[in-house]
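If you scroll down you'll find the structure; I have some questions about it.
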Amino acid sequence: MYHTVPYTIESPGYLKVAGESLPRRHPRAKHGLLRYPSAGVLTVFDIVRRSAKLYPDNKAVGSRRLIKMHREFKIIQDKEKEWIYYELGPYNYLSYSQYELLAIQIGSGLRKLGLSSSNKVYLFGTTSANWISMSHGCASQGIPIVTGYDTLSATDIQHSLSQTHAEVIYLDPHLLGTASIALENSQVKTVIINTGSIFSGGYDIDQFRNEHPQFNVITYEELIQLGRHNLKEPIPVKSSDLFCIMYTSGSTGLPNGCCITHENFLAGITGLLGGIDDFVSDQERVLAYLPLAHIFEMALENLVMYIGGTLGYGNPKTLTDASLRECNGDMVEFKPTIMVGVPQIWETIRKAVLSKLNCSGFVAKTVFWTAMSFKSFAVRYSLPGKGVFDDLVFGRVRQMTGGRLRYILNGSSGIADSTKEFLSLIVAEMLTGYGLTETCANGALSSPFEQTTSAIGSTSPAIDVKLVSIPELGYFTDADAGPCQGEILVRGPAVFKGYFNNPQGTEKAFAPGGWFKTGDIGEFDDRGHLKIIDRIKSLVKMQGGEYIALEKLESIYRTSQAILQVMVHADFEYTRPIVIIMPNTKFLQDKSRELGFSDDDSTLSSERMSAYVLDDLQDIARRSGLSKIETVTGVVITDIEWTPQSGLVTPTMKLNRRFILNYFRDEVEKCMQSIG
């Protein structure tokens, strides 16, 4: 079933333009870019209707209920700290026929509240079956939704509420504090509270209602009841109508709202489906836990519903049993066949495996690495027997993720080739994807039927892609020698309509002819696959005039067992970069004992500890073939957790560079000065 080279073709009807490559597209789009997944599916709610008809008894969505919150107290660095553990029940499911009725009831309830297509509903909560059902309930009545990450500040929420004039907000109870501030001076009239959230404990809804008498405060269940007693048929919606205003999680300034029509979103799903439909079926079980306010997660979940698969809702805190009591983690309980994650998730799994392996005896280590070498060789040369060690040697690792995974998919940002190969061999084959909010998650996607190494994969059949030279950075599409490289520009039905109430930003985002400028640098390899080099904003010119790619270096240095998060920092005044890291405290403490460090040297702030981490990173640089100017010369070890709540990373775990530099300004300046 392997696909044939080239994996992308030149798009018909274009003339060669100096400084640009000819646009390329997926072979499936040879006679025209794809817009809709199938006949009759022209709006988002059509996905639900179709699956309810074709797969009425299939399990659509599954959720776990909170049984009990366990509170434990531990002494950490001479201070008592409270730890919260969750006890969850088994997954309970709704069939597709039940889910369709639920969405209609939600839409009917919103209509009874007086909403129509001229109003907007703001969704502000963690990923859950209730969140996605709210989006489909809105779609059934042509009501546009506005999405906001549950980690956004009150200022950001206030900005998007004010800009969109949303009159209804749906939120989780633990976000009432943030919402209370954000709702001031907004046009919100009704607050819908999702009491089904596992994080709902300890938040007084009645108190919120009493303190805010200006709002009509109801629960998610009460909205369903309202719709059940006032049923309305879904209304006709045009594919050109607005489906969603999705606010990006950018790390600079206030977030932009991307206007996405039903046609845009369906084209995005169609593009993704075109890359995977030959290896998925209605038997797929996909664990849903990434933010639904992110385009890739929202597109993925709707795609799973389109094919009749099952969504099992989880949370990053409950994926494993580390934060649970008396129950399994989501992965073991749900047993997914496909799982999507970001680099930090995959690096955490890899490091956990290596940590346990390092505690094993000589024989166990030898067996593991021998099996790894054999399977790697068999995969590289397509030899039989590559799965012979899967149960014997890698079985325990696979059981950590439920034991049924066929594919894992990395999104959000780049991942080191070594990590991709490691997890592909011991867990499940890793696929990689590239896309943006503005392109409805479309860009490029790898396939198990297309051999590739460092490239992402073939482009989506819903878009054309071209490269434009960036002479000032040394990237050219028509160089006499060397690859065709340049900024990635995208055009097609999956591309959004523009930024909400921001005509200047929209104009700046597009090149003539409707080509969206991604800000990413790419290359088409000789197989037709798209390779991502870096973001234009992540390229830094060094003192000697050469450029280094920060995100590329971070994906490599992130493989160190000594660190959990890393940001590479470079400056024109210096010849080489430094790193700012969130340390793997347990690993470093164990390593300091192993190396015989004194108590003073074992602290994270000691010079000896910094020297050990720096030596480790420089060794990784040598083994990865990095140049001298790409090799770090200093390290800043931080003492705060890098989470969206701390502001150091975005909700999709991308680095918030400006915030990090400002937060650790003194330490960074001291480190830079020390290296000269």
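Cβ coordinates are placed from backbone N, Cα and C, and glycine is handled just like the others.
Feature table excerpt (Swiss-Prot):
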type    : residues                                                                                       : note
BINDING : Ile245, Met246, Tyr247, Thr248, Ser249, Gly250, Ser251, Thr252, Gly253, Leu254, Pro255, Asn256 : AMP binding site
REGION  : 552-655                                                                                        : region 'AMP-binding'
Quick one: average pLDDT across the region 'AMP-binding' (552-655), no decimals.
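Here the mean pLDDT over the region 'AMP-binding' (552-655) amounts to 89.
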Using DSSP, would you call Pro255 (AMP binding site) helix, strand or coil?
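Note: Pro255 (AMP binding site) is coil by DSSP, not helix or strand.
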Just to be sure I understand the packing, how many Cβ atoms besides its own are within 10 Å of the Cβ of Pro255 (AMP binding site)?
23
So how many of the residues in the region 'AMP-binding' (552-655) end up helix, strand or coil by DSSP?
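Final tally across the stretch: 36 helix, 18 strand, 50 coil.
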Just jot down the residues in the same chain as Tyr247 (AMP binding site), at least 6 apart in sequence, with C-beta under 8 A of its C-beta; none if empty.
Val146, Thr147, Gly148, Tyr149, Leu152, Asp156, Ser160, Pro255, Asn256, Gly257, Cys258, Ala293
Give the sequence-ordered list of residues that share a chain with Ile245 (AMP binding site), lie 6 or more positions from it, and have CB atoms under 8 Å from its CB.
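Listed in sequence order, they are Lys120, Pro144, Ile145, Val146, Thr147, Ser160, Thr164, Gly257, Cys258, Cys259, Ile260, Phe500.
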